[in-house]
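Record features (TrEMBL):
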- 12-35: transmembrane segment (TRANSMEM)
- 31-272: domain 'Rhodopsin' (DOMAIN)
- 47-67: transmembrane segment (TRANSMEM)
- 87-112: transmembrane segment (TRANSMEM)
- 124-146: transmembrane segment (TRANSMEM)
- 176-196: transmembrane segment (TRANSMEM)
- 208-227: transmembrane segment (TRANSMEM)
- 247-267: transmembrane segment (TRANSMEM)
- 296-313: compositional bias 'Polar residues' (COMPBIAS)
- 296-320: region 'Disordered' (REGION)
Amino acid sequence: MTTAYDAYDIGSGLLATIWTLTTLSIVTMALRIYAKIKINKFSADDIIMLGSLALLIAGSGIANVSVAYGLGHHYSSLAHAREVKAVLYYCVTQTLGISACTVGRIAFIVYLVRLFPSSSPVRLVFWLLVVAQGVINVVSILLLFLQCGADVAPVFDYTLPETNCMALSVQINYGYFQGAFNSATDLFLAVFPTYTFWGLQLRFRIKVALVCLLGLGIFAMVASIVKTVELSTIANTTDPTVDQVTLLRWVYIESAIVIITSSIPCLRPLFVAMSKNFSSSPKHTYELTNRYGNASSGLASHSRNKYSRQTSQMHDEDESTRQILGDAQWGITKQIDVTIRNE
C-alpha cells in the first residue's frame, strides 16, 4: 500500500498551482490597497475583495491538509481513515474556493455600481446580480454538504450506504446551471463597460484603455467554462482523490483570475505615477470634448509654456481617479481641461 501511495502523486502539482495563483492575488491586492489609499478612494468594494482574498488564502491552506491526507493519490492506495479525511478537506477546500470567487465577483459589481449615478437604472440591475450571485452559489455549497440530508457522513465516506441521498445527477445538473450563470455574469461584466464607455466623448485610445481594463473579466469567463466542463469527471468517478483534482484546480484558477482581473483597473494610478517618473516630458491629461463635440478651448494642447505645465500637473494626480475609478458620489463624470497659452 505504501509503495502505491508513493508512486502516484498529482497533489503536489495542485498545490503549486494554487499557491502560485494565491501569491499573485496577494501581490495584486496589496498594490490595489496601496493605490486606493494613495488617492483616498479606499471603499466598500476593496473591503469585500479583501474578504475574497481571505477565503482564497484559507482555501489554499486547507488544500495542503487535504493533500497531506492523500488528495492526488489513488483512492485505493489510501487507508480508510485517510480516504475520509482527504475527501472531507477536499470539500472544504472547494467550498472556500467557490466562496472566494463569488465574493470577488460581488466586489467587482460593487466597484462598477459606484461608476453610475444613484438615479441610474443600471444600479438596480447590478444589485439584483449581487443577490443572484450570492443565492445561486450558496445553494451549490449546500447541495454539496446536504446531499444526504442531515447525515453528512456518506458525503465523505464512500463505504457508507447512501439510502437517503439525492441522485448525483441533481448536484451535477445544478453545477452546470451554476457554471453557466457565473460564465454569463463574467461575460456581462466584461462586455457592459464597452457599451457604457463607447458612448462617452473620449479619445479613441482612452476608450480602448477603459474597455481593456474593465473587460479583463473575459478571462474569468473562460476559466468558469472550463471548470463547468470538468464537472463531468465526478459523474462516474471510481477514484475521487484523483479524478476531482483537475476540477479543484480550475475552481482556484477561476477565483484567482476574478480577484486579479477585478483589481487591475484599480492599479492604474500606480501605472500613471510610474510613467511620470520615467518620462522626461510633462505628462498631459486626456483631452475631452465638450457637449457640442468640439475641443474645449481650440488651443494647442501640447503647449509647453509654464501655465500649460502647471495645469497639466494639477490635473495629472487626479486623472486616474476621474477616468477609471469614477466618483463615489456622482458616478461617471466628464472632465474638461483648459490649457492657457500666452500670445
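Even glycines carry a Cβ here, placed using N, Cα and C.
The shown structure was predicted, so the numbers you read here are calculated from the model rather than taken from an experiment.
Of the candidate ranges 12-35, 87-112, 124-146, 176-196, 208-227, 87-112 has the most C-beta pairs within less than 8 angstroms of the transmembrane segment (47-67). Stretch with the most C-beta contacts under 8 angstroms to the transmembrane segment (208-227), considering only 12-35, 87-112, 124-146, 176-196: 176-196.
Of the two recorded stretches, the transmembrane segment (176-196) does not lie close to the transmembrane segment (12-35), with fewer than three CB pairs under 8 Å once pairs fewer than 6 apart in sequence are set aside.
Averaged over the domain 'Rhodopsin' (31-272), the predicted model has a pLDDT of 91.
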